[in-house]
Amino acid sequence: MTQQPKIPRATAKRLPIYFRYLTFLHDAGKERISSSELSEAIKFDAATIRRDFSYFGALGKRGYGYDVKALLDFFANVLDQDSLINVALIGAGNLGQALLNFNFHQSSNMRIAAAFDADEKRTGTILSGVPIYSMEELQEQITAQRINIAILTVPQGVAQEITNQLVETGVKGILNFTPVRVTVPTGVRVQNVDLTNELQTLVYFIENYGSITTGL
């Protein structure tokens, strides 16, 4: 993957959405699309889409719009879709098992390659094709499988401790489903996913603004 320009975090979060919809358009046989058509489909305003795309140079032509195949190929490169990305899942409880069952079915280049849990009843088993290892095997397996991204779905009381272990193994990115805001050193990125917060935010918007669709 070629080096990409620095872009705002909000733009980066929209890139997979663009890629997913462009994949849908390409599979449907559509050859070109305008920013206004794209806006209507994915519910981001056209100005935001044009601004996002402008960070990468001239991706479209005035009066023509965007070539779907060219744009799809471009974002596939930006998102490194040609490389298989192995991900570790830490915590194979209810949420962890749901993620294992899903295992990125909408993405061809990401997969949960290994899961880890402290419960001896779960370790040594295979769930949805993914082996579940003990926590004692964490460093060995992450190193052997060259994993640098982990999903954290553990009890909040051990979230920081396990985060420290992940950092020691060389993990560079953590998708954190726990309510704890874990601390990591420079060079490690954490993305927090708090379902309770998301639902509370949704309720707030519904009660105060109605059911207006909002983008990222």
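Our numbering is plain: 1 for the first residue shown, then up by one each step along the chain.
The backbone N, Cα and C atoms fix where each Cβ goes, and this holds for glycine too.
In Swiss-Prot, the feature DNA-binding region is placed on 17-56, out of the ranges 17-56, 97-136. If you take every residue in the DNA-binding region (17-56) and average the pLDDT, you get 91. Taking the mean position of the Cβ atoms of G91, A92, G93, N94, L95, G96 as the NAD(+) site, the remaining same-chain residues with a Cβ inside 8 Å of that point are L89, Q97, A98, L99, D117, T153, V154. Cβ neighbour count for A92 (NAD(+) binding site): 24 (other Cβ atoms within 10 Å of its Cβ, all protein chains included). Of all Cβ atoms in the protein chains displayed, 16 besides its own lie within 10 Å of the Cβ of L95 (NAD(+) binding site). Of the binding-site residues G91, G93, G96, G91 has the largest number of other Cβ atoms within 10 Å of its own Cβ.
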